[in-house]
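Quick notes on the structure that follows.
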Amino acid sequence: MGAYLWGKDGRRGSPVVVTMGNPNYSVVEIDGPDAAAAAAMAMDKGGRGKTPKQLTWVLLLRAHRAAGYLASLAAAVGRRLRRSSSSGGGVAGGRGRLMYRFIKGFLVLSLLALAVELAAYWKGWPELRVPEMGEIESWAQSAYIAWMSFRADYIRRLIEFLSKSCIFLFVIQSMDRLILCLGCFWIKVRKIKQRIEGDPFREGSGYQYPMVLVQIPMCNEKEVYEQSISAVCQLDWPREKFLIQVLDDSSDESIQMLIKEEVSKWSYQGVNIVYRHRVLRTGYKAGNLMSAMSCDYVKDYEFVAIFDADFQPSPDFLKKTIPHFQGNPELGLVQARWSFVNKDENLLTRLQNINLCFHFEVEQQVNGVFLNFFGFNGTAGVWRIQALEESGGWLERTTVEDMDIAVRAHLNGWKFIFLNDVKVLCELPESYEAYRKQQHRWHSGPMHLFRLCLLDIITAKISSWKKANLILLFFLLRKLILPFYSFTLFCVILPLTMFVPEAELPVWVICYVPVCMSFLNILPSLRSFPFIVPYLLFENTMSVTKFNAMVSGLFKLGNSYEWIVTKKSGRSSESDVLITVEKGTKDFSLPQLQKQISEGEMIELKMQNERQEKAPLVTKKANKVYKKELVLSLLLLTAATRSLLSAQGIHFYFLLFQGISFLFVGLDLIGEQID
């Protein structure tokens with residue numbers, strides 16, 4: 001009716017007229033898939049008995065609807081592929097090409113095997129006993145029987161060995177995850193918490209404020225520099241007792257000018273803040289921090305707090321962290337927890353929030369309480385400068401300089417504490433492209449570091465159990481084994497078992513244990529419980545990127561030493577941050593700023609502002625296509641089709657949904673795109 005009111009026909013598809021043999025149904029006219037479903041439901045009502053012919057037509061109608069959805073999906077995929085090929089999307093030259101070729105070859109073999117199995121199933125060969133020589137009808141049947149014997153005698157044994165090895169690693173990793181959760185539960189039950197004795201800041205306490213250096217390293221982060229500098233400049237600490245270093249590694253001169261303007265603004269208001277820019281930008285963030293620590297005035301400071309460009313500490317951050325060092329000369333690091341301003345922005349940020357909540361509340365809190373050691377997060381932490389210097393300072397040898405200095409400080413006997421109740425606001429990557437690059441660095445860097453520091457760990461003068469914890473748990477189990485078994489078990493072995501049914505994986509490996517482990521991961525963020533299934537599927541999907549990164553770091557391949565700054569959207573944190581910024585700048589005038597900036601810099605700033613005003617509205621980038629994930633989705637869907645021939649129910653559903661998950665990620669349909 002609505003279609004006629006608007007003057008156009010809303011019907012889709014070719015009309016289908018079906019004549020039923022039962023007089024209760026005469027003629028059914030179907031205009032499209034929706035009408036087909038309605039007709040099918042109408043036939044099911046009333047409790048009337050149906051002939052096989054009627055049931056056949058009902059199934060055909062439903063198949064017609066499914067075919068319509070598949071056709072529209074195929075058209076969307078085709079459009080995305082054409083846009084990607086025209087924009088240069090896909091596997092970058094020289095990066096992950098070996099893995100891509102392996103996956104593509106695996107897909108081709110799977111398609112050939114599926115064609116053979118379908119032909120054999122059509123002929124009824126799999127149901128026959130092994131025939132005598134005289135009973136073989138053709139050379140094709142003879143070849144298929146030879147293939148069945150070969151896979152049962154040889155391929156099955158290899159797959160079973162690999163699957164049992166992965167299951168063994170899977171069980172160990174699951175036990176480690178369970179022990180960490182029990183440790184977290186014990187901490188909550190016993191109310192174990194790092195506390196400051198008394199109130200050192202009460203009137204008359206005579207607390208001696210130590211000298212604190214605050215560093216903000218950044219690189220071409222135009223979206224977030226202003227809010228981070230503003231938050232750090234409002235830290236509640238005597239101004240004569242702390243200095244802020246803005247460590248700008250930006251290559252864009254216009255961004256440099258904007259950051260200089262922000263620094264000059266706060267400097268005019270009496271904040272001790274300096275701007276530093278390196279001409280030779282070597283060593284990425286480690287080189288930037290190392291250069292800043294070489295300044296002569298650093299020797300006057302006792303502690304250094306580090307915040308990345310998108311982090312916004314609360315004004316009382318130093319008062320909640322610095323007192324923990326008092327009376328604890330062995331303490332080298334106080335690490336605060338991250339809190340995310342955009343965790344509910346889209347599905348990708350929600351899934352990231354699950355992972356990071358478990359990382360902070362379970363992994364880091366438990367290791368901090370029971371071991372006094374965890375990996376430094378690179379930001380939102382306070383170091384004792386003496387601990388940095390005695391541990392060798394910042395080194396440029398890897399892209400995980402934070403983990404590097406933490407391991408070396410631990411080997412030198414320094415202790416760490418984690419404050420779960422002290423939170424610093426920051427951003428999560430909202431686009432899959434940014435998240436993928438971040439995860440590549442986070443998983444290739446630790447393996448590269450493991451190669452470099454393994455000998456130092458073995459020869460260090462620490463207890464044997466600390467060495468075992470570093471090598472077996474910190475590096476091998478949580479950084480190497482997890483991405484290895486996740487990719488190998490669910491993306492390689494499971495599809496293989498569909499084509500070699502003699503080596504079937506048990507159901508508990510595919511379903512029950514992964515779901516239980518995902519539930520444990522979600523416990524620290526119970527609001528995310530409805531996302532447990534997408535979380536499980538997405539983690540398996542990300543295993544491709546993590547495995548590729550782990551291999552490149554372990555074997556020092558071309559892109560293992562690569563740092564790409566994670567793109568930020570520049571979302572404001574909360575209303576109070578904006579209020580404080582406005583409060584701090586309401587009395588600040590342009591003539592006062594001109595006294596702090598040269599005339600040439602002011603001209604450049606005015607030109608930059610004019611260009612920004614005249615610039616057109618920024619549009620979102622076109623979605624990319626990630627070929628490895630897309631080919632893996634086809635592989636898993638092919639294996640799901642093969643599982644139907646063996647009537648493996650749970651295997652089929654797992655492969656189907658996992659294949660769809662790879663398809664969504666491969667077409668960049670998760671997260672947002674940011675220019």
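Every residue gets a Cβ built from N, Cα and C, even glycine.
Pulled from TrEMBL, these are the features on record:
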- 98-122: transmembrane segment (TRANSMEM)
- 167-187: transmembrane segment (TRANSMEM)
- 304-510: domain 'Glycosyltransferase 2-like' (DOMAIN)
- 470-499: transmembrane segment (TRANSMEM)
- 505-523: transmembrane segment (TRANSMEM)
- 651-670: transmembrane segment (TRANSMEM)
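If you look at the transmembrane segment (470-499), the same-chain residues 6 or more away from its ends with a CB under 8 A from one of its CBs are 106, 110, 113-114, 117, 159, 162-163, 166-167, 169-170, 172-173, 176, 363, 375, 407, 410, 443, 446-447, 450, 454, 457, 505, 509-510, 539-540, 543-544, 546-547, 549-550, 554, 632, 635-636, 638-640, 642-643, 646, 648, 651, 654-655, 658. Averaged over the domain 'Glycosyltransferase 2-like' (304-510), the predicted model has a pLDDT of 95. When Cβ-Cβ distances under 8 Å to the transmembrane segment (651-670) are tallied for each of 98-122, 167-187, 505-523, the top count falls to 505-523. Listed by sequence, the residues of this chain that lie at least six past the ends of the transmembrane segment (98-122) yet keep a Cβ under 8 A from its Cβ atoms are 91, 140, 144, 147, 492, 495, 499, 544, 547-548, 551, 627-628, 631-632, 634-635, 638-639, 641-642, 645.
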